[in-house]
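S.K.: Quick one: structure below, then a few questions.
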Amino acid sequence: MINPNRQIVLDTETTGMNQLGAHYEGHCIIEIGAVELINRRYTGNNXHIYIKPDRPXDPDAIKVHGITDEMLADKPEFKEVAQDFLDYINGAELLIHNAPFDVGFMDYEFRKLNLNVKTDDICLVTDTLQMARQMYPGKRNNLDALCDRLGIDNSKRTLHGALLDAEILADVYLMMTGGQTNLFDEEESVESGVIRVMQEKTAEEIKSAVDFSHNLKLLQPTNDELQAHLEFLKMMNKKSGNNCLWDKRFGNNNVH
């Protein structure tokens, strides 16, 4: 059963990937990094492990993540950590940037051990790259670009590393979806300042409080901007279990 309040932001590094056929075939996971969020708050219950592969890493892959064969020589094999890893992610929503890459590798590793399990069977997988593409159509949406766009410090990211990338992705995800505090937590956020004002005041009261005497220029969104906004509201409404406050307060019939 999926726990909707528990999210694990996950990243992997590998020995390489294939340009043709299955991208994972013949390769191995060599690092897993994961950051746990419960009710959109960091718990500190993170996971990080290096794994000894059964083959050398490709030189091009080493240039990306900097993990050499010598660094992995004394690390456990995947079969030694597989069950603990499965227990850790079981029942969570996995947040992964370009999820098909990592999930493909994870399921491949499970199959090599004859484990009768697929990631989708025990987790809800959310691809944050697809989320970003919906929110920022036509723009670059890799982690570096998103950090620049959202004002997140990624200065420590000189090489790819699974735990560091998971930590950065957690920051990116929370910024893309409204911040660390859950907007829809009845006991905390709904009682907080801005949202409480939105609950107590009607749309007419808010409108009447605005001074229109200064002849401010009214900026209209483009069709592309409006569509991106609607897609964002759809995503927020889905994430909140159909509790999108914009929809509830102002009767936005476009959010479903």
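Cβ coordinates are placed from backbone N, Cα and C, and glycine is handled just like the others.
Straight from Swiss-Prot, here's the annotation block:
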ACT_SITE  HIS160  active site, proton acceptor
BINDING   ASP11, GLU13, ASP60, HIS65, ASP165  substrate binding site
BINDING   ASP11, GLU13, ASP165  divalent metal cation 1 binding site
BINDING   ASP11  divalent metal cation 2 binding site
S.K.: What does DSSP assign ASP11 (substrate binding site), in three states?
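M.R.: For ASP11 (substrate binding site) - judged by DSSP and reduced to three states - the answer is strand.
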S.K.: Given ASP11 (substrate binding site) and HIS160 (active site, proton acceptor), what distance in Å do their CA atoms have, once rounded to a whole number?
M.R.: 10
S.K.: Return the single residue from the binding-site residues list (ASP11, ASP60) that has the minimum number of other CB atoms within 10 Å.
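M.R.: Counting other Cβ atoms within 10 Å of each of the binding-site residues ASP11, ASP60, the minimum falls on ASP60.
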S.K.: To the nearest Å, how far is the Cα of GLU13 (substrate binding site) from the Cα of HIS160 (active site, proton acceptor)?
M.R.: 8
S.K.: Reduce the DSSP letter at HIS160 (active site, proton acceptor) to three states and note it down.
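M.R.: The three-state answer is coil.
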S.K.: List the residues of the same chain that sit at least 6 positions away from the residue listed as 'active site, proton acceptor' in sequence and have their Cβ under 8 Å from its Cβ, in sequence order, or write 'none'.
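M.R.: Counting only residues 6 or more apart in sequence, the Cβ neighbours of the residue listed as 'active site, proton acceptor' under 8 Å are GLU13, VAL64, HIS65, GLY66.
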S.K.: So if I draw a 10 Å sphere around the Cβ of ASP165 (substrate binding site), how many other Cβ atoms end up inside it?
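M.R.: I get 24 for this one.
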S.K.: How many neighbouring Cβ atoms, not counting its own, are there within 10 Å of the Cβ of GLU13 (substrate binding site)?
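M.R.: Cβ-Cβ neighbours of GLU13 (substrate binding site) within 10 Å number 26.
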S.K.: Let me know how many other Cβ atoms fall within 10 Å of the Cβ of HIS65 (substrate binding site).
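M.R.: 19, counting other Cβ atoms within 10 Å of HIS65 (substrate binding site).
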